[in-house]
Amino acid sequence: MSSKVQITPIGPQLDLGEGPHWEAKTKTLYYVDAFAATVHRHVPHTNEHSHCKFKGNTVSFVIPVEGKEESEFVIGLEREIVHVIWDLKSDKPTATRVLSAAEEDRGGNWVNDGKVDPAGRLWTGTLMPGQGLDDAPFTSHLYSFDKGSSPKKHLSGIAVSNGLAWSLDYKTFYYIDSLKYKVQGFDYDITNGTINNERTVFDLKKNNVEGIPDGMTIDSEGKLWVAVYTGGKVIRIDPDTGKLLYILPIPSWEVTSVVFGGPNLDELYVTSANKTKDYPKDKFPQPGQTFKVTNLGVRGTASRSIKLQ
């Protein structure tokens, strides 16, 4: 990594920043303030910023619709997958339409991180807020949604569904269930949208990485970048060898997620939260801030829009 790494805060301080998505056509960053049920839009080259507030308790992710990236989106709104029309200026959506819902029999659960796979399907998992290791057995799941169809269940017994990524050859799916303190790998079938053969590709505890794994992305070299919640950092790991390659300190204790962006996909955008009150504030003075990290010397992979047709 470059010794001249620069970390610049962007946008407002948030309660729970999450779900960053880089839209390459318009060179725009989208992300959410989850507990404020708000989508944020930031255009780095103009410094334009706007937001959209939704009716509900949580918004967990925002993903543009393929072919309509400047006006239509899919969001995770509590337990629902919702199609949204937004003019990018108003603080309210023009229209919303529920596409599907997860775990309607578990009112307390809500969907968390969501991403689109190489075939255009949406993958997202659920969580029960406030769960800890003592709350096992866990009752959340990992799902995929194909063009707004009913959810397809892939994994059960999930505690806190979080980071998702796919290998560069589309043969491996990477996944984080945060309370396992691991990054898991699965064989991935792009045609059928299925996963199997689970294994551990990185164990935070065995590598003495303090904190909880959260959101995740992959770079152009096939290495994973993992946000470490209550750890104040992002780590780069090699999923093939299980080695820790790099630690990127972030001036926020609760780092939540990461995405590559910028015209050349060589900028790393990092979201964070401002929830915990007891932490070393002198070392982490910018809680809840979103950051642009430059001069890493690494390029990422493009975020995918969702296919609805």
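Here the Cβ of each residue, glycine as well, is placed from N, Cα and C on the backbone.
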Checklist entry - Can you pick which of Glu18, Glu23 TrEMBL lists for the same divalent metal cation site as Asn162, Asp214? => result Glu18
Item to check | Separation of alpha carbons, Asn112 (substrate binding site) and Asp214 (divalent metal cation binding site) (Å) | outcome: 11
Checklist outcome for this item: Not counting Glu18, Asn162, Asp214, residues with a CB within 8 A of the CB centroid of the divalent metal cation site are Gly19, Asn112, Asp113, Gly163, Ile176, Ser178, Gly215, Ala227, Tyr229, Thr256, Ser257
Next on the checklist: I'd like the Cβ neighbour count for Asn162 (divalent metal cation binding site), meaning other Cβ atoms within 10 Å of its Cβ, all protein chains included.
Outcome noted: 27
Next on the checklist: Given a separation of at least six residues and a C-beta threshold under 8 Å, show me what packs close to Asn112 (substrate binding site) in the same chain.
Outcome noted: Ser60, Phe61, Gly76, Thr124, Gly125, Thr126, Leu127, Val160, Ser161, Asn162
